[in-house]
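As given in Swiss-Prot:
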BINDING   His54, His58, Cys121  Fe cation binding site
Amino acid sequence: MVKVESFELDHTKVKAPYVRKAGIKIGPKGDIVSKFDLRFVQPNKELLSDKGMHTLEHFLAGFMREKLDDVIDISPMGCKTGFYLTSFGDINVKDIIEALEYSLSKVLEQEEIPAANELQCGSAKLHSLELAKSHAKQVLENGISDKFYVE
């Protein structure tokens, strides 16, 4: 199997929450695409709830784009410990952290979930505003770092 960047990360030595630049790709026409690991909870110790994570995905899709112009996608990690963000350009981790703090703060102010209906969402019943707010609050209280390895 081809080496996968995320499998090369020593998950026993990271300290969540953090933002990590997971890689940069340069396309055949010179386009730069950056990938970020937005880790909310500690790998192999905690999980984001299915409903809370799905709801956060909906919120982050909008709020992160309010601060970052070149977002391609924000996707939940299969391990349920955070999200991947892909973006055009070589963006600084500090800018991602600032946008994420803004976005999670905005989640705490919300009273309804965007696009949580069968027309716009493939799993419209798999949402919880309460759990999304709880996850957002926990990440903000713990503080988001750009230092991801435990020393």
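Every residue, even glycine, has its Cβ placed from backbone N, Cα and C.
Each of the binding-site residues His54, His58 was scored by the number of other CB atoms within 10 Å of its CB, and the largest score is that of His54. Within 10 Å of the Cβ of Cys121 (Fe cation binding site) there are 17 other Cβ atoms, across all protein chains.
The Cβ centroid of His54, His58, Cys121 marks the Fe cation site; residues of that chain outside this set whose Cβ lies within 8 Å of it are Thr55, Glu57, Ile113, Ala115, Ala116, Ser123, Ala124, Leu126, His127, given in sequence order.
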